[in-house]
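**Student:** Quick one: the structure is below, and I'll ask about it shortly.
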Amino acid sequence: MTGKRGTAAGTDGSGNKKGKREFKAKLSGLLAEQTCRDSVKEAWEGNQGGQFGSVALDSVPFPHGVIHPFIHNSDFLEELKEELLNLNFQPKSNDLYQFKQSEDLKNRKESHIKALRHVLFEDFRQWLSNITNVELEKTVDISCAQYGYTDTLLCHDDELEGRRFAFILYLVPEWSKSDGGSLDLYGMDDNGQPGPIVKSLVPRWNSLVFFEVSPVSFHQVSEVLSDGKCRLSVSGWFHGCSLERPPRGLDHPPVRSPHIPHDDQILYEWINPSYLSLESQAQIQEEFEERSEILLKDFLKADKFQAICAALETQSITLEKCGPPNKRCYDRAHGDFPGVIGSCMELLRSEAFFLFLSNFTGLKLHFLASNNEESDEGEGPSEPNTVSQQGASSEDDKVPSCSGELRHWQHSYYTMIHDLDPERHEFALDLLLFCGCDDWEAEYGGFTSYIAKEEDEELLTVYPENNCLALVYRDKETMRFVKHINHKSQQRDAKNTKHKGFWDFAFVYYE
């Protein structure tokens, strides 16, 4: 990388070598005052809130503090900002976040970065240790992040062995609540899960937020809504003995049920005839067995699909918000489903559809389904099975089952991968059928990503598309999430007065 400079680095104006200039950052003078320090210490120990010089403390929803100003000399921060913006930032994106992150600042040699590192992990660490009575190690854990338009960091608690206090130093331009990018703090519900947002802290130049990392320290960086501002911050953790954590509650697994009796006629009423032929099903099964996924366009008959879309736009459907926010945020249709919507749910749960999926995928979702190992010995495709055929299942056979829901997606909705997901540790067939996706763009989010365990690279991405049926077979090492739907989606919603976001029928089938 090259650039125009007035003089060469490490020289004076005549080209002679000069000594390397050392910079020193100083904490705000108010932090050093004994009276202020004693008042903050007393308030922290008593779990009290209040303003103490440049330090604002609050215990709701969990103990945290805001220091402004944090650094004595604002000119130092301007030069620090310039150094930081010259670093290499990498885009980071997964189920939890989207932003740009710098390389580790632990060993950077730039003068202002080095000075900031010293003031944080020496001067401020000692100050924080003193007021909290917590012994903090000298471990340096620090990086820089840029949040631009639509970037976010969703609800999490910062849990990681050794992390004791988190901090964020803001280097932002004039910032207001309407710009987004606030640090949102969550309360806790009766089940020990994050509940509603209780407090939002708007970024401010030369302010530092700190809080204790604990089982209740759930927070997020809300989506940045300003298209012309950069939310620049330096953040990290002070390390020490971690707080003891209570066992986490398990998610209740979705209710599974076997198929409901229905003969083949329901398939002919609903499904595009091109998918019902022997040749089509044999070709689809061959492709599915090779790739473990397939997308079937124009899956339902046009009149049936149009009727579903019309019902979703006009009929009253009871929706319940699904959380908690550290795992998911979307609307689930609840209660009795009216008319054609209920009939579609019935189709997806029907005995005929279970066998139909078996013919598509080679999975044994019905006792009449062909055994792949046996059928491989024959020559050519066999006639697809139908529920009108006679047969009996073995008493030792597992009963195939499914769980399913109708979901509504709109701006700010998402799901996340989490360790206690009861669906993570089984082989399963995922089905997604999309509605109301007119003009939906990939940049809005809302797509379903499949990734391998412990990996960030996507194995497969399923984008919402009208009347498309997505089938994905996942093993125990494959996880999935729905990407956060960002502010760009509201441009599309503003043009469409009939409905916001989109819908999907989401089912999971088990052999």
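Glycine residues also receive a Cβ, built from the backbone N, Cα and C atoms like all the rest.
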**Student:** Suppose a student reads Swiss-Prot and sees His156, Asp158 listed for Fe cation. Which of His112, His118, His219 should they find annotated at that same site?
**Tutor:** His219
**Student:** His219 (Fe cation binding site) has how many other Cβ neighbours within 10 Å of its own Cβ?
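**Tutor:** Result for His219 (Fe cation binding site): 26 neighbouring Cβ atoms inside 10 Å.
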**Student:** C-alpha of Tyr170 (2-oxoglutarate binding site) to C-alpha of Asp158 (Fe cation binding site): distance in Å?
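**Tutor:** Given the Cα positions, Tyr170 (2-oxoglutarate binding site) is 18 Å from Asp158 (Fe cation binding site).
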**Student:** Ten-angstrom check, please: count other Cβ atoms within 10 Å of the Cβ of Tyr170 (2-oxoglutarate binding site), all chains counted.
**Tutor:** 25
**Student:** From the Cα of Arg231 (2-oxoglutarate binding site) across to the Cα of His219 (Fe cation binding site), what is the distance in angstrom?
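**Tutor:** If we compare the Cα positions of His219 (Fe cation binding site) and Arg231 (2-oxoglutarate binding site), the gap is 17 Å.
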**Student:** I need the most crowded of these binding-site residues: His156, Arg231. Count other C-beta atoms within 10 angstroms of each C-beta and give me the top one.
**Tutor:** Arg231
**Student:** Could you say whether, by DSSP, His219 (Fe cation binding site) belongs to a helix, a strand or a coil region?
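**Tutor:** DSSP call for His219 (Fe cation binding site): strand.
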**Student:** So how many of the residues in the domain 'Fe2OG dioxygenase' (138-240) end up helix, strand or coil by DSSP?
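**Tutor:** When I sort the residues of the domain 'Fe2OG dioxygenase' (138-240) into the three classes, I find 3 helix, 52 strand, 48 coil.
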